[in-house]
Amino acid sequence: MYVVSTKQMLNNAQRGGYAVPAFNIHNLETMQVVVETAANLHAPVIIAGTPGTFTHAGTENLLALVSAMAKHYHHPLAIHLDHHTKFDDIAQKVRSGVRSVMIDASHLPFAQNISRVKEVVDFCHRFDVSVEAELGQLGGQEDDVQVNEADAFYTNPAQAREFAEATGIDSLAVAIGTAHGMYASAPALDFSRLENIRQWVNLPLVLHGASGLSTKDIQQTIKLGICKINVATELKNAFSQALKNYLTEHPEATDPRDYLQSAKSAMRDVVSKVIADCGCEGRA
């Protein structure tokens, strides 16, 4: 079985002191880059998609691609629902074969967040599907969900324990100063808060908004308990900029098998760097 849940991946990372990167993909080419690079480096990775990605590519198509590529490379892969908010949508995708879910109800008041997440956990655990949830809110935009920086708030360590115990989640996404998108200047991450959360919660912790973070910051968060690192914008930027550059330099290009190669190469460099930063090479 090559398509797996993230639970064992993240538990192994927690014990081993490294992190598993979750790369947001959008199509065949971006998935090829992630899987081929991970297989070459023998690194565990998570293939993540927002609701918009699953709508764009099709749930059955993405599942078929992940399954086929995992078997081809003899490399275990997890396909993960990133920032999904609707129970019915999650349930449908789980029944289709998805084995890892993030239910994002972080915009709701604390008690309602617990209630919404627990409903998803109770359903997903019947299918051996791992569940991630978020406490606190990141600024920036992910798919159609936009959070003003002024409305973002950090995870409360004591609430984090209550939240984890009340919901039964398998991993917890925390807000410690990162944001979705790229940073205009280096963010000031609250490492002390992360250390306190780690003392209150023994679950694998997840860091969203890692695009553009320094190697030093990523590795410090891993030392303090982060087991999953989410990267999306940095991949899109590398891919799209290289594609634009190629087409500008080669306006006669019409064959996507040719003009997509430079985009894939640029994205591959980012994937390789993130795997190195996470310390997960050779851990698959």
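Quick reminder: no glycine exception, Cβ is built from N, Cα and C everywhere.
The feature active site, proton donor is assigned by Swiss-Prot to D82, with sequence analysis given as support. In this view, D82 (active site, proton donor) is surrounded by 25 other Cβ atoms within 10 Å of its Cβ, with every protein chain counted.
Taken from Swiss-Prot, the feature Zn(2+) binding site covers H83, H180, H208, and the record attributes it to sequence analysis. Using a 10 Å radius centred on the Cβ of H83 (Zn(2+) binding site) and all shown protein chains, the other Cβ atoms total 25.
Look at Swiss-Prot and you will find G181, G209, A210, S211, N230, V231, A232, T233 tagged as dihydroxyacetone phosphate binding site. In the three-state DSSP scheme, G209 (dihydroxyacetone phosphate binding site) falls into the coil class.
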Roughly how many Å separate the Cα of S211 (dihydroxyacetone phosphate binding site) from that of D82 (active site, proton donor), to the nearest whole number?
15
